């Protein structure tokens with residue numbers, strides 16, 4: 001009954017929504033309309049009800065769509081081919097932001113918050129579990145703590161076996177495994193990297209469930225008791241994923257001296273986004289801190305090896321075949337964050353390549369097995385990592401007017417601002433209401449801009465040549481430096497000051513003020529909301 005009323009109300013209000021989007025106004029009327037919308041939503045923001053959040057999301061989308069309609073119908077008039085190319089590039093970048101805003105709202109507007117499914121009192125009914133700890137080049141002092149913590153997990157010892165999967169084939173690891181009494185598995189080659197390592201172990205073990213920990217993730221004693229119960233309750237449950245919690249600061253927290261005063265970069269994904277995915281049975285496997293049913297792995301042919309993000313791709317294969325997944329939003333293990341910006345960039349580059357590969361080789365928008373909502377959740381993750389090119393466009397677009405006097409937005413500054421401000425303000429305000437505990441708007445911009453110039457080339461190349469690229473292990477417990485990791489920022493550090501003399505001249509001619517006003521549309525709500533951390 002409620003669902004029918006919802007669709008009836010949506011049908012009745014659709015003409016009103018269309019009028020809100022397409023009705024033209026001059027700058028004065030648009031300012032009044034925008035300020036009224038902002039004021040109403042600001043007052044509504046005092047209510048914490050979920051239904052109010054839905055209304056605010058719809059209003060924000062209407063104002064953003066109104067802005068995009070204005071851009072499409074009134075601002076795409078150009079005097080030259082170069083203006084048309086640059087202007088359409090900026091418009092397409094804004095279309096990308098609008099699509100990501102829509103997908104992020106759909107993901108996070110109604111998150112699912114699961115509780116722990118208790119295990120039966122009769123321990124004889126508990127399933128057997130194999131714990132895999134894959135390693136390649138990490139030092140023993142990092143891996144040791146993970147193995148010892150796994151041995152302390154509160155689970156019947158005859159039903160739990162621990163295996164150290166050493167793709168580095170190191171003798172000291174074999175000795176350590178023998179000393180502490182855990183299994184040691186290695187192989188002759190390193191084919192398919194981590195996914196190949198896990199698949200090799202599958203052929204040598206027999207547990208009903210597979211628990212995977214990255215070699216720096218230290219588990220709590222209750223990890224298995226908190227995650228295994230769901231597999232007994234639902235025979236179609238293939239995956240239970242828990243958050244990745246990091247006890248060490250990431251490069252942003254360390255280098256900017258903000259510590260724990262801001263949420264960790266991954267909190268947004270391991271919070272509203274995964275909870276929202278879970279609501280649509282689209283939880284992503286994130287490579288660690290997860291439990292998987294062996295039967296489901298056997299049905300899909302083991303961990304996915306076609307892309308460098310084997311984790312997300314594996315979950316996609318589960319869901320295509322009708323298996324269920326779950327996200328338990330309780331931190332049950334803690335690991336090391338990336339320690340240097342260069343390592344952070346390498347890790348994010350792999351994720352970007354992997355999600356782009358999935359888009360090309362196993363696109364969730366096509367093929368059988370997924371619901372419409374699942375397709376949208378995966379589309380959000382795949383599109384998120386295409387943010388690099390739009391970000392570069394937003395950062396550089398004002399220079400077209402400042403340096404070359406090119407008009408890439410055909411409109412008065414006052415009219416642009418009157419349409420852009422409600423769009424931007426409401427997107428940021430509503431986004432903060434939905435995700436504010438997990439990601440501050442300002443820091444979302446910082447994360448995206450820092451990575452954008454590094455990810456442009458890898459994502460473009462992978463989109464064209466999806467088979468290129470290889471799995472890169474994220475270094476932990478060490479120190480890594482590389483001049484290439486900071487070269488884009490070094491170039492911009494010298495390039496921007498070189499533009500200052502021209503900027504001073506522009507200020508005297510009035511062009512600088514126009515450039516600042518024209519910069520407003522190139523500001524954008526952070527795309528971080530649709531991110532995937534896998």
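Each residue, glycine too, has its Cβ placed from N, Cα and C.
Automatic prediction, not curation, is the source of TrEMBL annotations.
Marked as domain 'Glycosyltransferase 2-like' by TrEMBL: 131-300.
Here TrEMBL flags 30-47 (among others) as transmembrane segment. Cβ atoms under 8 Å from those of the transmembrane segment (30-47) belong to residues 55-56, 59-60, 63, 415, 418-419, 421-422, 425-426, 429-430, 433 of the same chain, restricted to positions at least 6 beyond its ends.
Residues annotated as transmembrane segment in TrEMBL: 54-72 (among others).
For 84-106 (among others), the entry in TrEMBL reads transmembrane segment. Residues 57, 60-61, 64-65, 68, 71-72, 75-76, 78, 273, 276, 373, 376, 379-380, 383-384, 386-387, 389-390, 393-394, 397, 400, 406-410, 427, 430-431, 434, 521-522, 524-525, 527, 529-530 of the same chain lie 6+ residues outside the transmembrane segment (84-106) yet bring a C-beta within less than 8 angstroms of a C-beta in it.
As annotated by TrEMBL, transmembrane segment applies to 383-402 (among others).
What TrEMBL lists as transmembrane segment is 408-430 (among others). If one looks beyond the transmembrane segment (408-430) by at least 6 residues along the same chain, the residues whose Cβ comes under 8 Å of a Cβ in the stretch are 25-28, 30-31, 33-35, 37-38, 41-42, 45, 53, 56-57, 59-60, 63-64, 66-67, 70-71, 74-78, 83, 86-87, 90, 101, 105, 397, 400-401, 441, 514, 517-518, 520-521, 523-525.
For 442-465 (among others), the entry in TrEMBL reads transmembrane segment.
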Worksheet entry | Contacting positions for the transmembrane segment (54-72) when only residues 6+ beyond its ends and CB under 8 Å are counted | 17, 20-22, 24, 34, 37, 40-41, 44-45, 91, 94-95, 98, 101-102, 105, 109-110, 409, 419-420, 422-423, 426-427, 429-430, 433-434, 521
